[in-house]
Amino acid sequence: MNQLCVERSPNISTATAYIKGKPKKSIERIKKKKDSNKSIKSQHKFEGSKISNKNNELKDVKSKDPKNYESYLNKNTKHKDILLKSKRSDNFKFSRRGFILSFTGNLEDFYNLSEEPLGKGTYGCVYKATDKLLKIQRAVKVVSKKKLKNIPRFRQEIDIMKNLDHPNVIKLLETFEDEEQIYLIMDLCTGGELFDKIIKKGSFVEMYASFIMKQIFSVLNYLHIRNICHRDIKPENFLFYDKSTESLIKIIDFGLAAYFNDIDYEMKTKAGTPYYVAPQVLTGCYDYKCDLWSAGVLFYIILCGYPPFYGESDHEILSMVKKGKYNFKGKEWNNISDEAKDLIKRCLTIDSGKRINASEALKHPWFKKKKGSFNLDVKMDIHVLENFKNYALLLKLQKLAMTIIAQQSNDYDLQQLKAVFLYLDEDGKGNITKNQLKKGLENSGLKLPQNFDVLLDQIDSDGSGRIDYTEFLAAALDRKHLSKKLIYCAFRVFDVDNDGEITTAELAHVTFFVILFLHHVNDFPRLENCTKYIDLNA
């Protein structure tokens with residue numbers, strides 16, 4: 001049975017327990033009696049209200065969901081807990097977000113930073129960093145707290161990055177914090193900025209432009225489905241993962257990104273870069289389609305080499321943007337297809353209500369004509385199906401470890417799986433349906449086992465109904481990629497105090513937070529101050 005409990009320290013009279021899909025329950029601390037090392041099933045059910053009685057015992061406690069949950073009283077030398085045990089063994093779900101841990105202390109105990117920064121920003125610099133033990137190279141964004149005008153706003157940037165899981169989004173791996181700085185440890189991209197490539201080449205042929213723009217519209221579709229507006233789409237904020245011709249691009253810098261709600265899309269903060277900013281942003285009342293305007297400007301630039309709106313100063317540029325007038329008159333446009341020009345027009349529509357959205361852009365005839373790829377071999381072989389089967393048989397703790405390994409793996413080792421995932425993601429939502437995966441396997445000539453639907457449920461580790469990028473990688477990852485370095489990465493996530501050993505409490509630390517993040521619980525103690533115990537054998 002799955003088991004979740006919350007420790008109450010001696011100076012706290014109440015604690016919070018969490019049940020999957022249910023609101024938090026307040027429980028009064030049960031005072032210690034005799035210490036024991038065993039867990040005893042109580043004679044009563046969990047009520048969810050404060051527990052109080054003369055004998056300090058668990059009495060008259062009822063379950064809110066008696067069909068699925070029982071309550072237990074746990075006693076040992078350090079604490080006493082209410083245990084919430086699920087009667088079902090198949091509902092243990094977890095999210096990769098919970099593995100992106102935050103640490104306090106000296107970053108240089110773990111990483112060697114390059115002397116020269118890779119890039120500079122308003123609040124800090126990005127350096128190349130090398131893991132001292134594993135020799136893995138990462139990128140570290142170093143942000144000065146003194147220069148940050150709004151630290152909560154910066155923490156929202158971190159929160160947004162933790163929630164994103166897409167092949168075209170820069171991957172946040174962990175964070176550090178000391179008294180003066182905040183450090184974001186991310187994937188290292190070595191291929192340079194999209195901006196630099198535009199400067200070097202001048203313009204792109206349509207086939208390559210379609211390869212780039214499909215990725216941009218796909219990642220915008222992914223963000224907008226999750227009610228996130230980037231608000232600073234420009235070529236400087238896209239990096240090539242490596243220097244290869246077919247390298248994917250990664251969107252970076254979520255410093256201006258913001259959440260919007262389903263009822264009122266409007267945002268009011270003026271944000272963006274003059275060449276790429278949408279007219280509505282200048283008025284201080286705009287919606288998520290400001291990103292589509294910016295994408296349209298970027299699209300225009302990569303086809304001809306210069307922006308649609310220009311001037312000698314920011315004031316002149318913004319004046320041109322407000323008018324929204326541009327043309328395709330230069331000789332550079334002579335050989336550009338009408339379909340490409342039409343897609344640009346749909347992005348650069350002044351009326352945001354009539355402006356195309358990212359999902360519609362992906363279905364535009366231009367992509368069908370150009371196919372938007374380099375004919376990558378995306379067929380899955382029998383080994384992928386076998387890896388799925390093997391993953392489904394793993395213990396829950398092993399699945400947690402495989403998810404960490406998939407997240408920590410660099411894209412060099414995952415090129416084929418990444419191409420397969422993007423191919424299967426037909427609607428550009430950044431995740432795939434179970435039917436899309438089945439169709440892809442069948443189209444590759446593979447015979448599916450009779451219990452394949454059950455197997456798919458095992459791959460969908462967060463229970464969302466769709467298979468996310470890291471979920472797919474964790475299940476499809478070939479065991480030959482399980483290097484000692486990656487295995488140690490998984491070990492280090494669980495080894496909270498970095499003493500080279502993993503205790504039951506440390507396993508519970510990580511697993512508890514993975515569960516909390518899955519259910520979007522924000523009201524919980526700091527990691528270093530709480531100990532959670534979970535039935536890890538379940």
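Yeah, the Cβs are placed from backbone N, Cα and C, and that goes for glycine too.
Quantities reported herein were computed from a predicted structural model and do not represent experimental measurements.
Straight from Swiss-Prot, the features:
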REGION    23-70  region 'Disordered'
COMPBIAS  56-68  compositional bias 'Basic and acidic residues'
DOMAIN    112-367  domain 'Protein kinase'
ACT_SITE  D232  active site, proton acceptor
REGION    387-422  region 'J domain'
Across the region 'J domain' (387-422) the predicted model averages a pLDDT of 82
By DSSP, what is the split of the region 'J domain' (387-422) into helix, strand and coil residues? 31 helix, 0 strand, 5 coil
Is D232 (active site, proton acceptor) helix, strand or coil when read with DSSP? coil
